[in-house]
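Here's what TrEMBL has on this protein:
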DOMAIN    6-70  domain 'J'
DOMAIN    119-204  domain 'CR-type'
ZN_FING   119-204  zinc finger
REGION    349-394  region 'Disordered'
COMPBIAS  357-369  compositional bias 'Polar residues'
Amino acid sequence: MVAETELYDALGVSPNASQSEIRKAYRKQAITCHPDKVDDPQASEKFQKISSAYEILSDEASRESYDAFGTKDAGQSAGPPMDDFMSSFFFDLNRPPPPPKARDQVVDFEVSLEDLYLGKSVHFAIEKDVICKLCSGSGGKKGAKPQKCGRCSGSGHVLLSRQLGPGLIGQIPSPCPDCEGEGTKIKDTSRCRKCEGSKTTKGKKKISFDIKKGMVDGHKIRLQGEGDEVPGAKAGSLIFKLKARKHDTFRVSGYDLAMTIKLTLFEALSGFEKVICNHLDGRSIKLSVPQGKVIQPGETLCLRDQGMPLSRGYGDLYVQCDVEMPSGYWMKLQDRNALAKLLPVPDEKKELKETENVQNAKYESSSMSDFGRTHAHSNDFDDDNGPSTQCTTQ
Ligand SMILES: [Zn+2]
Ligand SMILES: [Zn+2]
């Protein structure tokens, strides 16, 4: 007793059919609706249906699973999942190639932050594969019949030797290089002169889409049916993945923006009121920090609702404050004692006490990017039993 008979019905066989009966039934049906021979979308749909039925029923493990559970679990064997390496030993080379499938294509689309903020309509032309108009996607001259590929006997697959591991060469089923996995090919002399047998040509297509307010970096815009055309299958989608171009002022993460401003020591200590940026829609953003609020170097201020637009509301703008210290030249012109009276006095309790042995250290200007530059290997040991010799003998 089987759970359902839909796949058997598609092929026109009984659930008790043998593997050879299933194969015969599939071949008979495939001829009547193969997309290369019959130019009818319904036939193409039927071809896909019987192909997937055959794919499940021709494999004993997936057939068993289908008999027991129906379509929902078909295709998964009852046992633990086999990895690619193991499943290659059970590959049926007589199985016909699966029907062509059009793939979705994902293309990065660079866009300015201004366009993401304000929205924009984009129009341009793309180049894509279209079904050859001369041969209607058959790849052959008028009346030319595709012939069974001699190399793979029509299965679309051949066994190729490949190294599976050290000293282990195995035979791995791979798409047939002669017919590119299709199982059939057209004789060189009968090839369509426009597409030279490739079934498709390059064509230009005008497309347009809207970048809507509220879309962010990484957002995907799907244009159904605008992907490359593949004979015998529906064209896939062309998907544009928005990629925010680097901006001079703002960095973006999700719906939030961030920027860095430079403050003088005076501004950091005494407060300020000034325009810190021109926003993506041209507005000047003025920031006021009152006297009495001291900005610490590296301190971050958050401006609510000044980030990227959401469908309702806005993200936030993070302002990182970089405090610029005055130069040594400026300091030379100042009265040190007068400055000492103005600025806070160091807290003596926090200062380290001198130990018995005091060394006066010398300094030079540097950068933390040099931190770690002194490695062990710059230290030459003239020792034959050193660690480097031991490593090479392993
Ligand atoms: Zn052609
Ligand atoms: Zn072949």
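Cβ atoms here come from the backbone N, Cα and C positions, even for glycine.
Not measured: the values here are computed from a predicted model.
Residue counts for the domain 'CR-type' (119-204) by DSSP state, with H, G and I taken as helix and E and B as strand, are 3 helix, 40 strand, 43 coil. Mean pLDDT, taken over the zinc finger (119-204), works out to 86 on the 0 to 100 scale.
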